[in-house]
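Notes for the one structure printed next.
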Amino acid sequence: MSVPAGSVSCLANALLNLRSSTDYNADHGVKNSILNFSNSKDASRFDGSESWSSSVLDKNQFIVAGSDSVKHFVAISTQGRGDHDQWVTSYKLRYTLDNVNWVEYNNGEIINANKDRNSIVTINFNPPIKARSIAIHPQTYNNHISLRWELYALPVKSYSNPSVQVGEVSIGDRSLNSGTGSRTIVRHVKFPVEFLSVPIVSIGCKKVDAHTDNGQMRWEGKSENITTKGFDLTFITWGNNAVYDLTFDYVAVEFNN
């Protein structure tokens, strides 16, 4: 599986801080965990193993990458240790939006990982994971818990804060101009561009074409069933009102932190 086009390598570009549960020693730390890391091979300036390696071999080990800013992660790649036959064969992921409360990815799904030293295995996130920090928890391994990895995120310009889309929607076909009592008609609104997370939608009526019921104007609009792709606008009237048309403006706003 390939990395989504246009995504940013977070670890290689030092966009995230790294921490681990344990390190085998100072030469096997998180600084060596970047995908494709290779040591100098010069004995006079040995710069460590070609991976992060834990000092304890159990399912409580982890390596976490995080920051205080929200990112939309689109993929993760893993790789084994380049200078020994050690690699993680499966793992779980956990992530957090507030750096306090953690969530297991896909309800604790065990993700198949590597089978050799240097092959790269990539998993894409669809939809993207909105988080400040992500942790990888090795579950099974070959010889030792050792890995190199990379996290990929959307570039900042792809999700400016806040993201806003506007538009209008009308009844359009006089569906509510006859009959009595409660009557409704629904119009589905599709956003021009899909949001990354469910936005807040506000509506306001800008045009009313209707006949009163004994001097009373009875109509209402509601935004419902809001998703990242759109929402339903429900037009309502009641009594003896005849509503020929209503037009609403909408503003959809996505906040990312």
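Backbone N, Cα and C atoms are what each Cβ position is placed from, and that goes for glycine too.
So that you can see what the record holds, here are the features copied from Swiss-Prot:
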type: REGION; residues: 1-155; note: region 'Beta-sandwich'
type: DOMAIN; residues: 10-154; note: domain 'F5/8 type C'
type: BINDING; residues: ASN39, SER40, ASP47; note: Ca(2+) binding site
type: MOD_RES; residues: HIS84; note: phosphohistidine
type: REGION; residues: 156-162; note: region 'Linker'
type: REGION; residues: 163-257; note: region 'Lectin-like'
type: BINDING; residues: ASP209, ARG218, TRP238; note: carbohydrate binding site
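Shown on the structure are the features that Swiss-Prot records.
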| residue | record | Cβ within 10 Å |
| --- | --- | --- |
| ASN39 | Ca(2+) binding site | 15 |
| SER40 | Ca(2+) binding site | 10 |
| ASP47 | Ca(2+) binding site | 14 |
| HIS84 | phosphohistidine | 16 |
| ASP209 | carbohydrate binding site | 14 |
| ARG218 | carbohydrate binding site | 15 |
| TRP238 | carbohydrate binding site | 15 |
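Here carbohydrate is bound by ASP209, ARG218, TRP238 per the record. The longest Cα to Cα distance in that group is 15 Å.
Under the three-state DSSP scheme, ASP209 (carbohydrate binding site) falls in the strand class. Between the alpha carbons (Cα) of HIS84 (phosphohistidine) and ASN39 (Ca(2+) binding site) lies a span of roughly 12 Å. On the backbone, the CA of TRP238 (carbohydrate binding site) and the CA of SER40 (Ca(2+) binding site) stand 78 Å apart. As a summary of secondary structure, the domain 'F5/8 type C' (10-154) carries 12 helix, 69 strand, 64 coil according to DSSP.
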